[in-house]
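According to Swiss-Prot, the protein carries these features:
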type    : residues                       : note
BINDING : CYS146, CYS149, CYS159, CYS162 : Zn(2+) binding site
BINDING : LYS336                         : ATP binding site
DOMAIN  : 576-677                        : domain 'tRNA-binding'
MOTIF   : 15-25                          : motif ''HIGH' region'
MOTIF   : 333-337                        : motif ''KMSKS' region'
Amino acid sequence: MATDPRTMLVTCALPYANGSIHLGHMLEHIQADIWVRYQRMRGHQVHFVCADDAHGTPIMLKAQQLGITPEEMIAAVSKEHQADFAGFNISFDNYHSTHSDENRELAELIYGRLQAGGKIKSRTISQLFDPEKSMFLPDRFVKGTCPKCKSPEQYGDNCDSCGATYSPTELIDPKSAVSGATPVMKDSEHFFFDLPQFEKWLAEWVRGSGAIQEEMANKMQEWFESGLQQWDITRDAPYFGFEIPGAPGKYFYVWLDAPIGYMASFKNLCNKRRDIDFDSYWKADSEAELYHFIGKDIAYFHCLFWPSMLEGAGFRKPTKVNVHGYVTVNGAKMSKSKGTFIKASTYLNHLDPECLRYYYAAKLNSRIDDLDLNLDDFVARVNADVVNKLVNLASRNAGFIAKRFDGKLAATCAEPELYAEFANSRTAIAEAYESREFSRAIREIMALADKANRYVDDKAPWVIAKQEGADAELQAVCSVGINLFRVLMAYLKPVMPLLAERAEAFLAETLSWDGIEMPLVDHTVAPFKALFSRIEPAKIEAMIDASKEDLAKEQAPKASGPLVDDPISETISYDDFAKIDLRVALIKKAEAVPEADKLLKLQLDIGGETRQVFAGIKSAYNPEDLEGKLTVMVANLAPRKMRFGMSEGMVLAAGPGGKDLWILEPQEGAKPGMRVK
């Protein structure tokens, strides 16, 4: 156990709740989980939390496309995300959502403190506005021609072709990505977080706290030199998020409440556990440690805005912001068409999660380098290291111990110096884990595995087994081999927890960091069972093919048309239909109902009888255009008393509503009063 136990809160960046987890996401979550599991092995108290980032325009619009509420969509996505993380053995203590009571309360608290401290400013700004959808357009929801290189179909904040950044208003021929309409400029009052007030404090914190990697600190210096700007934290309705207190129709920008989601998830955990004090972790003078694991694409928010918000609101700042690079596959950006944009669930359907955990660990360091998942190297390395070196070390010794000695290890360690060398390596491996130099830790472990296998090769227990009177030597050699395997598995336990569990079952012992100081002697192990399977190249091919199928499903034409929006009702009997008396009617007179937004009053001739009907078609027809037309009405509908008069039937019309309504018009030759069958 650690001599000085530490108290830590560890977070991963919050996945956005409008899509699936993929292997790019998994890099960060595996990296953080390995570090957390190592710290727990050392006896430290660690709380590991995450949540879904569940607010914003993209979620609102996608939910509309799916025909469900945003709440329904984010609930379904959260369930999927949590299943994926569980599948990769990510050991979260809590997984929550930014769309929660805890996050609302904390966002309002932090905003209130910033506002009271003079850190919130307001001013009127002009933004692009979609006149058809009646909504302001975020940068990524405007497309047009790049003002610099003239490439078409570029987003409103930067050009994918030339890399230029610009304002949406600078786009040439901008179009709304929501409706296709040409946006107009419209004024709106917005609230801003006054980041420049924190510039001096930020510069000192970046260089003096040790919280930021050197590469990131150098990048932040560039941001300081270009000048910090006030940060717009407002979005206008319609928007899915939290309304700003005292500002109806104004909402917190998703990036304001997203990092507060770390606090909210931890608060939710505290409410569940009752033995954890929230304030002791988040008060300004907290002695607990706070670690964020994030990707380099969101470093700007986590290294500038987030610590400044915490400082302005009187909360503690991160101990360390650990930034990592992107994942590439086979040396290139993940590609859906090539099948290398691999969802976590697709991977889990084909391969062992421990394989990816090991491969990522073997390539991860503390820098912001991109990591390439080379699938050929992935197969070769996992099979060579985990199967051939590690698992084989156990299997080639366990058989002799089981068959010849009933699973009993020797009473003493025959190679105390060799064992001590392995056990003493934990200092260097611990330093590598602590500093997130996982690739260095794996190199150290695999170098030991090579040495252990050389020992077995040199001793050749399969030869000793054939020699008469050599049982003691055979037991001694194989016991050393199994003990060296035990040390290696203890070192790999943070990386491959499931393999470690299976190894523990074989060893009949829980693997611990300090427990490996002494070897297992006079100890009975369980019968050996296969611990791990080789990766077959065919499984890689199947996974890639399945990823292409995922793309095909995404690209399949979405069903559209009236039946999608308004499905056919339940089946009725012929007798039910026969009860409805439909008649041709002549519209003799039509007039607007001044007190009603949607109604026209119609006088209908149905062949010797006149009926008065109020019809909700005012949005689609001028009264004078209807007079003299034939239509169809339900003639035997019970009269309905309305405040404008009695309605004596119903006119039939097709369409979703608004301007899109069309009354039924019988062809020439039909006469008022004729039954429609």
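Heads up, the Cβ atoms here are built off N, Cα and C, so glycines get one too.
For the motif ''KMSKS' region' (333-337), the list of distant contacts is 22-24, 327, 547-548, 550-551, 554: same-chain residues at least six beyond its ends, Cβ to Cβ under 8 Å. Of all the Cβ atoms in the protein chains shown, 12 others lie within 10 Å of the Cβ of CYS149 (Zn(2+) binding site).
Reported as a whole number, the C-alpha separation between CYS149 (Zn(2+) binding site) and the residue listed as 'ATP binding site' equals 27 Å. Within the same chain, the residues at least 6 positions away from CYS146 (Zn(2+) binding site) whose Cβ sits under 8 Å from its Cβ are PRO152, GLN154, CYS159, SER161, CYS162, ALA164, TYR166, LEU171, ILE172, listed in sequence order. Counting residues of the domain 'tRNA-binding' (576-677) by DSSP class, helix then strand then coil, yields 7 helix, 49 strand, 46 coil.
Each residue in the motif ''KMSKS' region' (333-337) has a pLDDT score, and their mean in this model is 91. The residue listed as 'ATP binding site': 15 other CB atoms within 10 A of its CB, across all protein chains.
In this structure, CYS162 (Zn(2+) binding site) belongs to neither helix nor strand by DSSP; it is coil. Highest local Cβ density among the binding-site residues CYS159, CYS162 belongs to CYS159, counted as other Cβ atoms within 10 Å over all protein chains shown.
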